[in-house]
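If you check TrEMBL, you get these features:
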type	residues	note
REGION	1-119	region 'Disordered'
COMPBIAS	82-114	compositional bias 'Basic and acidic residues'
REGION	161-200	region 'Disordered'
COMPBIAS	190-200	compositional bias 'Basic and acidic residues'
DOMAIN	223-376	domain 'YDG'
DOMAIN	459-521	domain 'Pre-SET'
DOMAIN	524-673	domain 'SET'
DOMAIN	687-703	domain 'Post-SET'
Amino acid sequence: MVVPSLNCVTDGAPPSSGDFTPLKSTPPPPHTDQLPRSRRASARIQAKQRLEKERLIRKRVQLLDEPEEQQSSAKKPRVYSRRRDGEGSDGVEAKPKAEQQQLPEREREKKDEVIALEMPTSDVLPASGLASGKSAYAQVKDTLRTFNKYYLSFVQEEESRCKKRDTAKKSPNSKSPSKSKKPGRGVKATKPDTKSTSKRPDLKAVTKMLETNAVMYPKKRIGDLPGIDVGHQFYSRAEMVAIGFHGHWLNGIDYMGMGYQKEYKNYTFPLAVAIVLSGMYEDDLDNADEVTYTGQGGHNLTGDKRQIKDQVMERGNLALKNCVDQSIPVRVIRGHVCKSSYVGKMYTYDGLYRVSRYWAEKGISGFTVFKYALRRLEEQPILTTNQVHFTNGRVPQAISEIRGLVCDDITGGLEDIPIPATNQVDNPPVPPTGKLKLCFTYLKSIQVAKNVKLPKNTAGCDCRGNCVDPRKCACAKLNGSDFPYVHRDGGRLIEAKDVVFECGPSCGCGPSCVNRTSQRGMKHRLEVFRTPKKGWAVRSWDFIFSGSPVCEYVGVLKKTEDVDTLTGNEYIFDIDCLQTMRGLEGRERRLRDVSLPNGETIPFEESKPDSVPEFCIDACRSGNVARFINHSCTPNLFVQCVLSSHQDIRLARVVLFAADNIPPLQELTYDYGYVLDSVMGPDGKIKRVQCYCGGADCRKRLY
């Protein structure tokens, strides 16, 4: 159980989803310039064409992701492909195999009209793509967290592959591929290691989402999607695919193919549902509320945006044309440069746009392009793309720019990065340390009460420099024979665990070891600020990647029986690792049992619901910035127990990690873990405290 660091607080009701319901009226007759439909072939020929088309699609996706020097070699289909909705889902018949073979090899490799296969429809999820029990906003968070977990797992796989490659290059016995002898007759040549692992962990994560039916919206939808409001930001196209918000990881136009004709009998397909404006075409014109969008195809893939051939009225182009004919709006997502994103761009949902008309013209490069005029629908939230991307204001660049500053640095210089405090609520404003600065003392590390004895340092690993091989590192073996972190972005935890075993003072590795990630201190520019209802709160001026350690909960380590909870001390953090593992007291149950150093495990059945943690951290009078972090029913941080110098789970370190990608100036929160009606007052009556977190799934009460 966790006693709150301050009174819980953020007023507001969950925003509405703003679903768009398409009109069910009969569509108008097609325009005279509509292209004639292809003649329908027999079922046998259709099946053959569909198989051939899928093979070609897998090959094209594979060619775009492999290094140029490897594109000509034969290989198995990549894992990025996705199943089709049904036959002819792109609105045109596939070219016969003979015709495809007549294309020059280089043209097939560079073919830019890549068809991203549509989401599978044979999922076990309900047709809406939503499960019961949680709001759509909470499910979006959960889906993105699943994606990030898979993504970091494949990042770790890629980092391991690169280490093996670098080690092989440095080995004196290794031979350069160019100098190695050619295999003799009858001897099969070995493939380079670079082929065995994908260089795109984000695409592998999307594939994993598809394989495990974890995509939130497996079927395409017209209009807004519940849980994604105007202004929502994605940090890659792969995230959009994981949600089902835009089904193509490469193409700009996402559309419903012919497979949806049975479900939507009154519409002509293909039909566009979303487009991405990312500056890929030289003929695009974006004036915020009005957009002139260039159709897909015909441009080269070198990044200079130039057209190299005429566009064709098929697939996405035909889908947008059908939107004009049937007055169907599309979702518009704008891409813009973002250093925080691993793809260098961030994608913001800017609402629904009506495709008013289309035409063909000669583009800047002299080739025919299709143009589409789009206008934003009225009565939607204001655009955010051209404004500051952070809802709470602009990140200050200097102390002089901070509004309501009441303290330059609450740490008194103890932390490497100062933590200012602001107060624009109270009059006169007061700092979080109190009027006389005697109410609170900042601590950088845990202090131990006199009657508490820490275990002796245990023997660590024998690694030197940095821990590299998890099969040899003694600390990694305690984590299931793998490192819990990846090196990327300064170190990120792949997923929440029962307990993370880190390298400690007795280990042979140095401070830069990846398995010491949470011990490196705070790396983000944090700010303590006053709120109208929740008291003090904490936010970051920097972008925080999911899985990144934010701060440790620091205070005085005491025995729980020595803490007087009747005096209103609301800064006590019970070290409840066992409860966290078991899912008791409102905490999330983790996936695995703990593997102790002696090889034993703590089975689930040994946990008692009424057990009280033996030790706690009291941050009432002395503590760090973590004591000011508020509760939320939909938090962006999670609690992780960490063991480094010893293996006594009762005295584990308590570290707060980012559960999501957190943009600057978003309040940092975690779940205090209370069960309703679990707190008694001095009079023996149940205490009830209102929750002001404002989350979509707010329980309305803290306890």
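Any Cβ shown, glycine's included, is placed from N, Cα and C.
Mean model confidence for the domain 'Post-SET' (687-703) is a pLDDT of 89. Mapped onto DSSP classes, the domain 'Pre-SET' (459-521) shows 14 helix, 8 strand, 41 coil.
Taken through DSSP, the domain 'Post-SET' (687-703) splits into 0 helix, 2 strand, 15 coil.
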